[in-house]
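This report refers to the structure that appears directly beneath it.
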Amino acid sequence: MVAEIILGLLVWTLIAGTEYFLYPAFGWVMFVAVFYWVLTVFFLIIYMTMTYTRIPQVPWTTVGLCFNGSAFILYLIAAIVDASSVTKELDSHNYNSWAASSISLLVGFISVNNSQWTDYSAYSYFQIVTMCDLVMILFFYIIHIFRIYRTLTCVSWPLAEFLHYLIGTILLLIASIVAASKSYNLTGLVAGATFGFLATVLCVLSIWSSYKVSCITQSTNAAV
């Protein structure tokens, strides 16, 4: 339930940072996200304070089932509507590779963290690199979602993004190789190294997409 609250908060705050009110479809997505986020917080308070034990007349199991079932259906519809309503701009970035990189890094970090380490220095380095990369990806994601780069024009964002992915990819590749060599066929460590390699590939795709977008934008400006 805590994960639902965090992810739900992320959904509606990201949408709130856009001009969603200009598009009816995004207004629907915003309504679903906020409505079910508030309900999730409400149910969390109910369970944390054990209020359900004082109101036995309410079939809480049935209420929870109906809530989760309706949330699943409406969230799914909202996600489909959101995805189908997004238009690709000329200066847009490959947010799919960003999201996939974040998920791969997070899964790799959790896999290693929940396993028995065979080499402390190797896997502590792996965790530091994955977390740093994840934080920086989320940082650039927020920069582009809220269009902060339009305000802070003193920063060369394409160059900063390129250097981040270049250095991060090299460090992540080294960390994944070290993690794989020290895994000794332990499932969690092997999974962590595998997702590390997957995140490395996705970071390379992000570098290519960033370079491609920058070149297209520069050539368009030159033509104008």
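Start at 1 and count along the chain as shown; that gives each residue its number.
Glycine too: its Cβ is placed from the backbone N, Cα and C atoms.
Annotation source TrEMBL lists domain 'MARVEL' at 1-215. TrEMBL lists 27-48, 60-83, 125-150, 162-181, 188-211 with the feature transmembrane segment.
Tertiary neighbourhood of the transmembrane segment (162-181): same-chain residues 112, 122-123, 125-126, 129-130, 132-133, 136, 140, 189-190, 192-194, 196-197, 199-200, 203-204, 206-207, 210-211, 214, selected by CB-CB distance under 8 Å and a gap of 6+ residues from either end. In this model, the domain 'MARVEL' (1-215) carries an average pLDDT of 77.
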